[in-house]
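Database features, via TrEMBL:
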{"type": "DOMAIN", "residues": "A:57-131", "note": "domain 'Cation-transporting P-type ATPase N-terminal'"}
{"type": "TRANSMEM", "residues": "A:112-133", "note": "transmembrane segment"}
{"type": "TRANSMEM", "residues": "A:145-164", "note": "transmembrane segment"}
{"type": "TRANSMEM", "residues": "A:306-330", "note": "transmembrane segment"}
{"type": "TRANSMEM", "residues": "A:336-359", "note": "transmembrane segment"}
{"type": "TRANSMEM", "residues": "A:791-811", "note": "transmembrane segment"}
{"type": "TRANSMEM", "residues": "A:817-839", "note": "transmembrane segment"}
{"type": "TRANSMEM", "residues": "A:864-887", "note": "transmembrane segment"}
{"type": "TRANSMEM", "residues": "A:931-950", "note": "transmembrane segment"}
{"type": "TRANSMEM", "residues": "A:970-989", "note": "transmembrane segment"}
{"type": "TRANSMEM", "residues": "A:1001-1017", "note": "transmembrane segment"}
């Protein structure tokens, strides 16, 4: 294993060259080639640094060579002046923050998205149309100018809103970023000084003690029991020992280098700074992330597709009617105006705002459930996600060692590993347990930090390393006040754990006042402990340790080890009172006490356990058709164990290795197809071509990638994306940030996550809970469905607004509805109802269907457009025309008199135009009637939009199945529609500029039968869809 | 997401499009097989036939509910509009300019008047009756032939000097032009409570800088529309109805300057102060007589 690891990391370090080489050999690998372009570009920038890093050999050098290389002195440190020079040369020891997009650019970006482009084009067309009109007639109506300005205003307002929304979530983010400036203890000018870590330079001698962060990449000069937590770099949750010996060729594997941003858990270490700032390993990984481009979100692609459809429809209708207009002998210039008018009329002005508001409503709802969305569009992305590449440590697991199993009395007991440990059910009656618990309690140096009386045990901060912490909390939960027990069993002497002994030992007085014996307790690596024992305790009685008991021990040890758990052995010995009287002075240097022939008590295994909510969440993802892949830097055994316990590898599926083991045959002979699961290590991944990776990703349902480097995480994400999957990546460490960025949606952990990860991510889980992702998926899918409804609702009336203009051109009726009136529908009455659709509940269990195919299941498909435009839209237009004709007829202009009336009607110089009854009308009287017609048409659309709103509640189910009143917001929307309509007609009816008039009350009801017809027609449509799934009807009518 | 941004070459796109237009493997044209196209077309034809039928039915019902004699509402027609002949429009409203000494400049104007008055020739008015009363001519029942109501005659000769019969130049040549003022018809409209509506023309900005008020001779005398022309019962009831007219002969129009003149209809139920409608109850025009 060790051997393998080194090679993986060498890939990372010499990554560029390696991949370039593979690529030259295989030009067909298009995608790798693409990636390499970016890498190559990067290579040029960083070539020097990479070269330097490849030559990183500081771990091989002796102390004197190091001193020479960095011009420093191990005892006295750098001089202040030299340090200042170096600081000036290398810059401060901090990671360059990712390039912040200037706020103004972010702001402007909000206004040039796919949708906004449509509106911009519309606005410019309007102004061009006005220009044309103005050039031929100085008194041309300003309507087009207003319309253009309103379009621009809509873009700007929506942009401001979206910018504000995203800025708000960025603010929540930045509150996380407030970090206490890190301090470092450095030797300079022969003095120990505390300086801000930023000022460290190469060659500085620093001292780091347990609990501190490593302030830079340092070469260890001396250490005392130092162990570091490299999980943020590699994903390993186990503490790694650090000492000054050179143990491995690879700088990442050798024990004598500590890395920037990792934490020293215990012990102390003195070291020389060998790299600072961006030149550190972590700095390189962070820069990998900035080299990865941001991808378009699926919803952005969908909206673009939608814009294409709308633009296509607009331009084709426009050109069609341009031709018709020209052949009807309209002047070409007028026809151009018509063309522009038609194109602009197709622009759904309100939709941009509606979509933005809808997305931000969902974002808000998700934030309440602890999913903070940084980028509004990412709200939907989770819904389309088909693969989740999850990091293990901290995301799936709790990122703390916890006691998982115990073995005593020849039996394995399971401990509760849930977040609060509340439910320890194993048998605690055996007296072996009494002895074992005593050892666990006493042979432990970890302590609770003071002043946390009211904090739940599992949340208390502890001084000590991860496994001791686990043991401390475990015993505190079961036995109660550990500190009190330790006080009663005063510690006489102890030998702390070190890597040579591989055990920890302490001698205590007992709490039994009659028992004057000392108690020697020891824990350590199980095989090591077993060697020191001659007896074993079973049911409280000591039995000699014979071969068979040793065998059971080994079986248990292997079983626990096979679960990926870290196993510790425990033994004790009551020192005979005659040999070791109360006054006996123990000496740890001479070891004047027995350390062999002890009594073996039990084994205890620890693991970083999965979060209790994860297995359920993984199951939910499964049933939602989402593949969950684990990608971790940790060991394959641990990774597999965790994967099994959370269900990423389900209980009954086997890997190739499992099958080989079961059948007792070599791995090569196993039929690959028999295995459902696969555990792939970074080492194996390194040798794979992208085809092979694709094959693995496609063939195995359950995949675990272990011991992967950040670079490989990227390759995996790209591999998934090649399968046309929408990939979500979760992670917390710096090492995850490149993959987070590459993913379609990067999800960072809010509490445990590093800043780099949060910066690269699109979404932050505020509670670090993987289960929140499921919520996100649900919300994302719902919003996709509901956006469909919103768009269908909005598109429908477009036809009803466009038809009048077409009829006006062809049949020469007085214009049935004016531009401003249309704006009042699009941006007035229809806004709240279309947002209300976002509150619609799901029609069926959206978590039980497959994620949408990003190239097949479009947001706006042909069926949606056709049904909205050609079915409901047309019905609506007819209904509205009926109201219009009714108003004109009752005022004296019967429908047939209106045909081809346009020219005379609009002529300012005709002031005695005759109607059907022979009455004569002045221009203003006609104009006022025209406005009444606008209002009537408006009311007609409004009434039918209410029906449209109700039918859009569902796409498949009947309204009665969905419940007419379940979504209260819909009714708020309908009320708003009616109230705005009433205000426009009766409140502002006297403002001539708005061209609304007070409409007689009965005209509000003329379109009601049409509205009912729309409802009935749609119910019939849904009924047939439900009755004949997959039929011709279903294919053509379901959107 | 390299896969999504996969750039297609132009020829690939064309090929795809061709395949969309005609796919030999599945026999699909534009995404559907022929039979599918027939089906979908049939559906749409049926759908639109039904929808059109429904709409036609609605319109039919609408027509049935509409009264053939009187409109249901006259919201916009509270007060009649007033128009002028000859009607020559400039940039803003009526603008009449002519040169006394150049008859080509007013030939069109008098021609307009002649054409307009052709409708008032005795022959054209043959089917109307002579009325003498100066009261409203109410007709409850359809006593006229063909189930209609009677209309009163208005013949051009009632305009005397401005009828074009006595002076075919309508006074244009001598610089004292005639203008004919017509009040718009409104069904069942009664202009006043007993006194006949009267036309009153004057300079728009009195007192005029010339100091003299506009001198006008009206025909018929006093410039009144006799009450027996009211009320109007609509085209179906009174197919031969002609609007009564008033001619105004302007006597002292200053030469070579443009003057604005307003002719109002003075009657209790005729308003002329609607700020939005310049033709309601009055007609304004600009006149410039060049010499």
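Cβ coordinates come from backbone N, Cα and C, glycine included.
When DSSP labels each residue, the domain 'Cation-transporting P-type ATPase N-terminal' (A:57-131) comes out as 44 helix, 1 strand, 30 coil, counted as helix, strand and coil in that order. For the transmembrane segment (A:791-811), the most Cβ-contacting stretch among A:112-133, A:145-164, A:931-950, A:1001-1017 is A:931-950 (pairs under 8 Å). Sequence-remote contacts of a segment are chain residues at least 6 beyond its ends whose Cβ falls under 8 Å from one of its Cβ atoms, and for the transmembrane segment (A:931-950) they are 793, 796-797, 800-801, 804, 814-818, 821, 824-825, 829-830, 833, 836-837, 872, 875-876, 879-884, 886-888, 891, 959, 964, 970, 973-974, 977-978, 981, 984-985, 989, 992, 995-997, 999, 1003-1008, 1010-1012, 1014-1015. In summary, the transmembrane segment (A:306-330) does not lie against the transmembrane segment (A:145-164): fewer than three C-beta pairs, each 6 or more positions apart in sequence, are under 8 Å.
Non-local neighbours of the transmembrane segment (A:817-839) in the same chain are 143-144, 146-147, 150, 154, 345, 348-351, 353-354, 357-358, 361-362, 783, 786-787, 789-790, 793-794, 797, 801, 804, 880, 884, 930-931, 933-935, 937-938, 941-942, 945-946, 949, 952-953, 967-970, 972-974, 976-977, 980-981, 984, 994-996; each lies 6+ residues outside the stretch with a CB under 8 Å from one of its CB atoms. At the 8 Å Cβ cutoff, the transmembrane segment (A:864-887) and the transmembrane segment (A:1001-1017) share at least 3 close pairs (sequence separation 6 or more) and count as touching. Mean pLDDT of the predicted structure over the domain 'Cation-transporting P-type ATPase N-terminal' (A:57-131): 83.
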